[in-house]
C-alpha cells in the first residue's frame, strides 16, 4: 500500500538498499503444494546478476538466495515465502562524493526532497539492484504458471541505441551478451564495438526490450481499471529507467486504420495480433507482446552540471561500477514483471470466476 | 480490488454499462472542506461528451451529473461522494446483431470467455462511455489540486493517423474540433477532410494525445513499485483503446546517450525535461509530460471476418453511432486520469511525510 | 481504502447520508452467472427497515432498491452491481437543534473534530440507516453462498437489557417483534412491557445479538492477520453501537481450562464447539457462532449535559423518531456482515487454493 | 492482501514459522526522519519473549532482532524496514508425533484442510511465536506516536481463570510475572499457586487482558467501515487464542440504559468513558480502552481424543515446552496491536485531512 509491494493476490513486498546488509522480499499468496527450492530461483537471479560480461557493471555479487519461510519438505505451504540475498560487494567509498549533490538523471534530487533524508550509497533504494528480489519472486510465479497453464516467457533486446536488432529466433538470445534474438555475427560485433566505444567515452546508451508470454489463458484481466494491459504498463514503467511501454502494435496504432488494426477472427483463430494479446483489458489467449524503452544509464564518467543540497552549482562525474547500458540486463527483469502480473491476474480470475473458466478452450 | 476502483486514497469506484439505466461512481477519500457542486463537474463532462461535432458519435447524451452524497451545504464532508449520470439515448436495437458474434478489435470475445455472460448493448461495460464517471471524479481532483498546489492540466492531439500536429500553443486547443494545439487553418482543414473521408469509407483511424500537468509538487510517488510514472502508465493504458504510453522523452530515450538524456541542474532549475517530470518514480517539480497512442476505433462499417459463439465463421459490420477516431475525445479523459493519479499520490505523500514536505521549495 | 469499502474481493462500497437524496452501494467482484433481481434483495431490506412495530423508529421508508448495473437479462455479468435506495422521509427540521451541539454517545463530536464540517441531519453518515446498503449487498452474498455451499444464516436477540432470552428454536425468531428465538409468551410480554416503559421514560436500552452461519466450508480464513474470526470481529464492531464481539465460547474462555475448552475430534466430527467454528483463524466446517453487545440508543428524550461547538455548556434532548433499542433491528444486519465476511473469504480461498480445496470433505 | 500483512499505510508483512530458519517482517510506510536502532526494538521483544519466569514456556530464544534496511545513519529513510529474528531453539523432535494427527483446539485440522500441506513443527505459522515480529514493528510505531502526539500504551492481566485481579496501579504491572496491576501479595501468591497446580495437572487456563492508549488525538478512524474500534477488534481477535473483544463498557452495555451509557460532556471534558474513547468509529481524544478474552493454551499434557489424517481415532497428548497460560505473555502483544492500529489511522487521517486536523485541541 505504501508502494513497496507488487501484486494484489500474489503479493511481493521487497526491502533493502544497494549497499545495506541485505535485500530480499516476502511473497504472500503463493498457492500451496508447489515443489520449490532455491534451485528454482537461483538460475533466474543468475541471468540478471552483474559481472557476466565486460559490457555490464563489474560489481561482484553472487546474489545467493536463501528461502527463509513458506516451504516445508520442499513444498510451498501457502504461507509467506521470504527470500534473502545478502549484499557482498558494498564499496561505499565509491559513492562518498555524491552524498551532498544530485546526479543528473538520478533519483537523488527527488528522494532528498520527498523524504528529507537519503541513503546515497549506490543509489540506496533506487538502485537497479532492487530488481533482484522481484526476479527471484517471479521465478516462483513462472514455475507455477508453467505447471498450471504451460505459460512461458521470452525476451530480447530489439534495439541498442540506434542499432536495430531484427528478430531472427529466440534460440539466439543467450548466445550473445546482449539478449539479441539474432546470430548475425556482424551485427553482434557492431554492438560490441558500440559498447566498447561508450566505455571509452565514459558515456551510456538506451535500449528497447521486447518480451512475450505464450500459452496465456483467455480471460485474465479485471476491467475496468485493473486491466491486464494497464497492470503490465504499471509493471514495466516501474522498472528502473523505463520511459515508454507498448502493447501489441503500440505507437504504430496511431497511423493504422480500423480495417487494418482490428485483428480478424476465423474458426482457426485470430488472423493477426495488433492487440498484443489483450482486448478490453482481458487476455485473448494469444501471445502477450510488450515492448519497452530504457533510457541510457544516468551514471556516467562525463562531467555534468548539477547543484548541491544548498543549491550551489557543482560538477558531477560518477565513478564506480556501472552498466553503460542498463538495458542489457533488463530482459530477465521485464520477463519477471510480466510473470508477476500474469500470476496475480490468474489468481484474481479464479477468485471471481473459479477454476473452470480458466480452462475455457481458446483460439490461438 | 476486483478491478473497478481507481486510486488508493482518493478512490474512484465506477459502475454502469453503456446501455443500462445509469452510470456513475463513488469517490472515497476526498478531503473535507472543498467547496463543490455539480457546476464544478459538469463542464469537464461536457468536454468529453458525444455529439459536439460531426467528427464524433452522434449519440445524444446530456451527461447530466447528480451528486448523491458527500456534500453538505456546498462543501465536501469527507464522506463518499456518489455521482450519478442517467443514460438517455440507449438505442439497443442498433446492437442486436452483435450479441451472437465477436466484433474484431473489441472486448466481445474476451468478456464472453472470462465471464461466460456478456452485456452486448453498446459494448456494455467495455464502452468508452464509462470514461464519463472518472472524468467527473477528476473534476473534483483537479479543483483540489489547483487550490492546494496551483496544479493545472492541459492536453492536445499531436497526431491524427499520419498527420502530425506540431505544437503551437495551448490556447488553440479548444478552437478546433480535434483538440489540436494549432491554429494552422490548412492543417485543421486537412484533418477535417481526413475524417470526412474515413466516414465515407466506413473506416477509422488512430491518434496520439499529449497531456501535461504543471505546478506539481516535488516528492510525489511511492518508490518502488507505486512510482508516479508507473501509476501514470497504469492509468493511461487503462483508457479504452490505448496501446502505448511514454513519459518525457519516451521511446526517443532508446537512441539517446546518457550525456544527452540526463537533465542537468543549475541553481535556476533543471536544464531540460527528458525525464518528463519524474526521476526514480518521484515528481521533480517540473512539468509532468505524457504521450499516449490510441488505436483506431474498432467499430467500423467495413465488413470483417469473425466467428460466432459456436465458432462458425461470420462477417461482422458495425452500424450504429461511433467515433471514427476515439482519440478525438480522449484528451479530457487523459487529463482526468493524470489528475486522479496526482491527487492519490499527493494524499499518499502527506500520509507518510506530512504536509510540510509537500510545500518544500522546488526548482522548475 | 479510505474506509467506506467492505471486503477485498467481494467489495461493497457504500455512500449516502441519513437525510441526503439517496443511499446505496457498489458491489465489485460478484461472481458472474448468478440469477439476480431486486426480488432477491428487497426481502432482506424489509427485515431491517424501520416502522415494522411500535418498538422501532416510526420513520417511514419503503427502502425500495433499484439495481443500476451489473445484471443483464436477470444474470450477474461479473461487473459492478450498483444498488440505489432513494431516501423518502427526511424530516430535517427534527434535527435543526443539534447542528450546533454534540449529542452524548453520538458521533457528532468526533465527526466535527475529524473533518471540520458535519452533516447533522439524522446523524448524516453515522446513522444506522447506512446499514441498509450492506444488507442489500449481503442478500446477493447469501444467495451465492447458499447455491455454492448450502451456507445459511440465522440470528436472534439473546438479551434485552437485563432480560435474558433463553434459546428455544430458530423457528420463533420472526414470530415476535424482537427476533427472540423463543415462544415463551410471558417472556415476550415482559419484553414488550420493558420497551413500552422505556418509551414512556424517554430512555433506551442495550441488547445482545447472536448470529450463526451453517454449512460453511472448511478452510476459509487467511492466517495471519486476515483470520476469519479477526475479519468477523472487524465486521461486527463496525456495526453502529456495537461495543463487544465474541466468537464461540467468547469471554467464558477466560475461566475455562484447556482440557475443557479445546474441542475434541472423533471420526464423527468435533465433540463441541467452543471454537465457534474457527481454529487458527480458519473455518473448521462447524457452525460459526458470534455474539455481539449493542449499546443503548444514544438518542433519548432525557435531557443530558453537553457542549456546543464553542465549548459552552448546553442541555441536549433528542426529539425525532428513534429506536429505543437499536439492537432490535440489528439481527439482520449482523447476519449481513457475517455473510459479507464469508463470501470474501470464500473468494480469497479459491484464489489461492483453487476450487477443489473448497469442496474438501469436512466433519461437522 | 493475502492475509499476512497488517495495516494499510503503516503496513507490516510478517513471515516465518515457529521452527523455520527465521521469522521477521517488512514495515512499509514508516515516516522518514525517525531516529531508530535495534535498541529501540529489542526491549519490547524482551517483554514478550519466552523463558522469563517458570510460568511460561522454557523455550530458549534470545529473539535478537536485526534491522536489514530502511535505516541510514540511525534515521529512518521512508523506505521499507526489514526486521530479522533468527530462530535458535528448534527442538523439532518434540513435535514429531503430531505431524499425522490433529491436536484439539489447534490449527492443525484447519491448516491441513485449507492448504493440503502443513508444517507441523511447533505449530508452524500458527504458533504464537509469530507475534514477535509485530511486537518489533510496534516498537517503531510506539516511538513515532510518542514523539508525534505523546501517545503511550499500557496493559495488564485483569483475570486469570476465575481469579479476578482488581486494578490498583499501572506501576505494579512489571513487578510480578503476570502483568497484574496489583501489589496484593496474597493475590499474586494465589495466582502463582494456581499456575503451579496447572503445571502439575498438565492443564492450562484462560485470561483476560486490558490495554489502553493515552494521549490519542481526536479524529482517528475511517467511518464506515474502517472504524477505529472495528480495526481494533480485528487486530485483537487476530492475536492467537483471543475469543472476545470489548471496547469501553463492552458487554456491560447490554444492560445499560441510554441515560447511563452515553458519556456526557462538559466544558472540562467527557464525564465518563463508556465509549472507550471511540464514538462513531472515531477517536474522542479520551483514553482508548480495550479488553480481550484469551482461551486456555491448547497444548496440554492431558490425553485428549482426536483423529489422524485418515480419520482414524487417536489420543493426543502434547509434550514439549508450552505456556500453561498464553495470556501471561499476551499483554505486550495486545499493546503492540493497538499501537499498529493507531499509527495506521494516524497516517490515514493526515492523508485525508492534513496535519492540521490532527493537532485540533481536544477534551480529555
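Every residue, even glycine, has its Cβ placed from backbone N, Cα and C.
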Listed range which TrEMBL flags as region 'Disordered', given the options C:42-61, C:62-81, C:82-101: C:42-61
Spatial separation of residue C:127 (FMN binding site) from residue C:48 (NADP(+) binding site) - C-alpha basis, Å: 14
The one of C:48, C:125, C:295 whose CB sees the fewest other CB atoms within 10 Å, among these binding-site residues: C:48
For residue C:125 (FMN binding site), the three-state class that DSSP assigns: helix
Contacting positions for the region 'Disordered' (C:42-61) when only residues 6+ beyond its ends and CB under 8 Å are counted: 85, 87-89, 129, 131-132, 135-136, 138-139, 142, 177-178, 192, 195, 321-325, 328-329, 332-333, 336
Intermolecular Cβ proximity, binding-site residues C:48, C:54, C:125, C:295, C:297 versus chain D, under 8 Å: C:125, C:295, C:297
Residues in the region 'Disordered' (C:42-61) grouped by DSSP into helix, strand and remaining coil: 7 helix, 0 strand, 13 coil
Of C:48, C:125, C:127, C:295, C:299, chain B-adjacent binding-site residues (C-beta under 8 angstroms): C:125
For residue C:295 (FMN binding site): DSSP state (helix, strand, coil): coil
Fewest other C-beta atoms within 10 angstroms, as judged across C:54, C:127, C:241, C:297, C:299, which are the binding-site residues: C:54
Integer Å distance between the CA atoms belonging to residue C:54 (NADP(+) binding site) and residue C:295 (FMN binding site): 20
Cα separation, residue C:127 (FMN binding site) to residue C:54 (NADP(+) binding site) (Å, whole number): 20
